[in-house]
Amino acid sequence: MAGAISHHALASTQSCGWSAQNSRFEKRTGNVRLVYEGSCRSGSRKLGLVFASGSQSSVVEPVKLPSDGNSSHTPKKSSESALILIRHGESLWNEKNLFTGCVDVPLTPKGVEEAIEAGKRICNIPIDVIYTSSLIRAQMTAMLAMMQHRRKKIPIIMHNENEQAHRWSQIYSEETKKQSIPVITAWQLNERMYGELQGLNKQETADRFGQEQVHEWRRSYDIPPPNGESLEMCAERAVAYFKELIVPQLVAGKHVMVAAHGNSLRSIIMHLDKLTSQEVISLELSTGIPMLYIFKEGKFIRRGSPVGPSEASVYAYTRTLAKYRQKLDNMVQ
């Protein structure tokens, strides 16, 4: 697999719905990356450590998850799920070099093109459910990307903020439901809140407070900007949501796409790959370039990673994904 790196994490089981109990991730040492430990209300699973080297990986030891004794939720050994992570395309404030944080800014024309290009890169990968932040730039990225998918299913934002919103947005055609993909928005996946830096020009802020101070606010793990969030604080909410809501989907065999932000995605990747706090602060994610993980038998393995803004990710297709692509090819013949 050219240019791909094997990484790691999580388990597979029958349906948990869209909720679950708490879970947690363990630690990484060198090239050994753990997976995740936790409980889904529908069952128990085993996860393990993986040794990552080039395109090869091997399980080092299993990790037991709590069991509810319900054998009907035992995953099939052949089952696997795809997890796609995409940082939103360039926003208008990215373009202007402003601190954006949780300010709700749309994409630039370049950001739109990046989202479309991201969609082309994942157009042969199955997607059953989409998670985005509550911010428009992530939602635009998800929608534009899905418009490129060969399956041609329609992404539909779920409105569950209250009973009336849920009731009024119901779909009453089973056939239409089959041709739709639920899009779930969550503030927990929002970008890190930059506090009093939001809206300020990054260069002017460095000139005012000093390059070293601004670098500390931006790149340290546990030091927040004035009245803002540190990366550690962002990780607490983003990873908790990932474990409680997204992991059960993967465990149930669903294929998931997450369109979010640099810091919320870095937080999730930190847990998937068991990066240290020092390693994660140097992790860079290019806008609009998807990252693919495969979730199988209690493990996450990275099958493609971004090389740079102008280069496509390199994906090593599993047999299941290859069959899905062949199915799409047959549909258009």
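Keep in mind that glycine also has a Cβ here, set from the backbone N, Cα and C atoms.
TrEMBL entries are annotated by machine, without manual review.
Per TrEMBL, the feature active site, tele-phosphohistidine intermediate maps to His88. The number of other Cβ atoms within 10 Å of the Cβ belonging to His88 (active site, tele-phosphohistidine intermediate), over all protein chains shown, comes to 33.
Under a cutoff of 8 A between CB atoms, and with a sequence separation of 6+ in the same chain, the neighbours of Glu191 (active site, proton donor/acceptor) are Thr100, Gly101, Cys102, Ser133, Leu135, Cys234, Ala260, His261, Gly262, Asn263, Ser264. Residues or ranges marked as active site, proton donor/acceptor in TrEMBL: Glu191.
According to TrEMBL, the substrate binding site annotation covers 87-94, 100-101, Arg137, 191-194, Lys202, 218-219, 262-263. All protein chains included, Arg87 (substrate binding site) registers 28 other Cβ atoms within 10 Å of its own Cβ.
All protein chains considered, the CB of His261 (site 'Transition state stabilizer') has 28 other CB atoms within 10 Å. For His261, the entry in TrEMBL reads site 'Transition state stabilizer'.
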Q | CB within-chain contacts under 8 A for Lys202 (substrate binding site), separation at least 6 | A | Asn97, Leu98, Phe99, Val214
Q: Could you work out which of the binding-site residues (Gly101, Gly262) has its C-beta surrounded by the smallest number of other C-beta atoms within 10 A?
A: Gly262
